[in-house]
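Novice: Just passing along the structure, written as structure tokens.
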Amino acid sequence: MDADQGAVDAIIVAAGRGERAGAGAPKQYRDLDGEPVLLRSLRSFLALPAIRRVVVVVRAEDRGLFDAAVAGLGAEYSGRLMSVDGGASRQASVRHGLEALASMTAPPDHVLIHDAARPWASASLIRRAITAARTHGSAVPGLAVSDTIKAVDACGQVTATLPRPALRAIQTPQAFRFAAILDAHRRALGEPAEFTDDAAIAEWAGLPVHVFEGEAANSKITHPHDFRAPVMQAPAASLISRTGIGYDVHAFTPGDHIWLGGVRIPSDLAVTAHSDGDVVLHALTDALLGTIGDGDIGTHFPPSDPQWAGAASDRFLAHAVRLVRARGGVIDHLDVVIVCEYPKIGPHRAAIRARIAEIVGVGETAVSIKATTSERLGFTGRREGIAAQAVASVRLPGPGSSGDTDGRIASGEHPEPAK
């Protein structure tokens with residue numbers, strides 16, 4: 001959590017019935033690739049240190065389902081997770097969540113409100129929501145509309161064709177200054193108007209709402225077929241396992257810190273590099289690019305390009321993750337071996353693991369960090385440098401499946417660095 005910019009909490013709305021998603025348990029508790037939808041949504045937020053705590057709003061009758069769903073979370077998350085009973089409507093449920101946060105000794109400065117039925121929100125999207133809220137006060141993710149939208153009357157007669165360039169399809173998480181959205185919800189209590197999302201309540205209360213870029217993959221589960229979207233469009237049998245290998249090495253030079261796995265480690269040495277020289281993130285980037293056969297880190301971020309001088313390597317890894325997911329890929333596991341005599345990796349292993357999980361948007365159990373020495377042989381044994389090897393395990397749609405798309409990002413389009 002970035003204390004300098006204030007605490008950020010999240011509310012996950014999971015009190016609906018999801019009747020359009022078919023018979024059975026509410027959709028937020030149904031299985032999605034081996035785990036409940038709600039658990040997948042929770043992991044996305046709890047994996048980010050920027051999120052101080054998460055409040056889940058649940059239907060009182062579903063307490064047993066909720067307890068079973070969150071049993072899959074690690075004990076390390078227990079202190080950051082709480083739940084409250086929902087209300088008769090989504091609006092009432094969100095208000096219950098807000099009031100729960102307001103009753104805390106230290107309410108948040110900003111709050112993210114997210115539908116549990118959107119289990120594919122990425123770490124990058126959540127970070128963008130936080131940044132946008134801090135900048136604009138109220139901010140929501142949105143996508144440009146590609147279809148022509150027409151207004152019709154009760155008889156189905158077209159009354160207007162809406163200007164597509166001005167339209168956005170709005171998603172969650174929606175982010176707000178906490179005090180402002182709490183006040184708006186309290187004022188809206190009893191209003192006859194129908195508010196379809198929290199941004200509508202903010203607009204009604206006179207709060208300006210900013211729209212930032214959403215993600216096509218951040219779809220909402222509404223109907224039975226949505227359980228296959230977006231990365232699971234292909235049947236399991238047509239998802240092909242791919243393995244990528246990455247390797248990186250940098251020489252030591254006098255300095256005061258080394259970056260490893262996105263963690264700044266104080267040291268009397270640094271590394272010679274064009275960027276920040278993070279061998280772990282560089283090896284992981286190459287491993288992920290290898291799973292989709294899309295060159296290497298130098299292809300996407302040439303060392304001859306001055307814009308990458310001193311760049312944070314989380315940008316490189318986030319870019320590779322985006323490319324994999326744009327092609328319908330599921331990142332199953334990342335395995336790293338750091339080879340060095342110095343620095344000692346043990347004291348930093350947990351932080352490195354957590355940071356990589358945050359950047360990639362996976363649970364920490366999907367990341368393995370190991371360290372070894374070269375028994376004083378070679379350049380690492382002489383403490384002349386440091387090396388890392390990485391293996392990435394990914395599943396991709398097979399040829400002809402609906403997720404089999406090139407997914408290439410336009411030249412020069414790179415994600416902003418994670419904060």
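Every residue gets a Cβ built from N, Cα and C, even glycine.
Per TrEMBL, the feature site 'Transition state stabilizer' maps to ARG20, LYS27, HIS274, THR373. Annotated site 'Positions MEP for the nucleophilic attack' per TrEMBL: ARG164, LYS220, in sequence order. The domain '2-C-methyl-D-erythritol 2,4-cyclodiphosphate synthase' feature in TrEMBL is assigned to 242-394. Per TrEMBL, region '2-C-methyl-D-erythritol 2,4-cyclodiphosphate synthase' is recorded for 242-419. What TrEMBL lists as 4-CDP-2-C-methyl-D-erythritol 2-phosphate binding site is ASP248, VAL249, HIS250, HIS274, SER275, ASP296, ILE297, GLY298, THR372, THR373, SER374, GLU375, PHE379, ARG382. The divalent metal cation binding site annotation in TrEMBL covers ASP248, HIS250, HIS282. For 393-419, the entry in TrEMBL reads region 'Disordered'.
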Novice: Rounded to a whole angstrom, what is the C-alpha distance between SER374 (4-CDP-2-C-methyl-D-erythritol 2-phosphate binding site) and HIS282 (divalent metal cation binding site)?
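Specialist: Rounded to a whole number, the Cα-Cα distance is 20 Å.
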Novice: Using all protein chains in view, find how many other C-beta atoms are within 10 Å of the C-beta of LYS220 (site 'Positions MEP for the nucleophilic attack').
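Specialist: Counting Cβ neighbours of LYS220 (site 'Positions MEP for the nucleophilic attack') within 10 Å gives 16.
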Novice: Report the nearest neighbour of THR373 (site 'Transition state stabilizer') in space among the binding-site residues ASP248, HIS282, PHE379, comparing Cα positions.
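Specialist: Closest candidate to THR373 (site 'Transition state stabilizer'), judged by Cα separation, is PHE379.
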Novice: Going by Cα-Cα distance, pick out whichever of the recorded positions LYS27, HIS274, ILE297 is nearest to ARG164 (site 'Positions MEP for the nucleophilic attack').
Specialist: LYS27
Novice: Just to verify a number: CA distance, THR372 (4-CDP-2-C-methyl-D-erythritol 2-phosphate binding site) to HIS282 (divalent metal cation binding site), in angstrom, no decimals.
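Specialist: Counting only the Cα atoms, the answer is 18 Å.
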Novice: Starting from the Cα of HIS282 (divalent metal cation binding site), work out which of the recorded positions (LYS27, ILE297, PHE379) are within 10 Å.
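Specialist: Final answer, ordered: ILE297.
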Novice: So if I draw a 10 Å sphere around the Cβ of HIS282 (divalent metal cation binding site), how many other Cβ atoms end up inside it?
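Specialist: Summing over all protein chains shown, HIS282 (divalent metal cation binding site) has 27 other Cβ atoms within 10 Å.
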Novice: On a simple 10 Å Cβ count over all chains shown, which one of the recorded positions LYS27, ARG164, HIS250, HIS274 is most densely packed?
Specialist: LYS27
Novice: According to DSSP, collapsed to three classes, what secondary structure does THR372 (4-CDP-2-C-methyl-D-erythritol 2-phosphate binding site) have?
Specialist: strand
Novice: I'd like to know which of these recorded positions, ASP248, SER275, THR373, is least surrounded, judged by other CB atoms within 10 A.
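Specialist: Ranked by other Cβ atoms within 10 Å, the recorded positions ASP248, SER275, THR373 bottom out at THR373.
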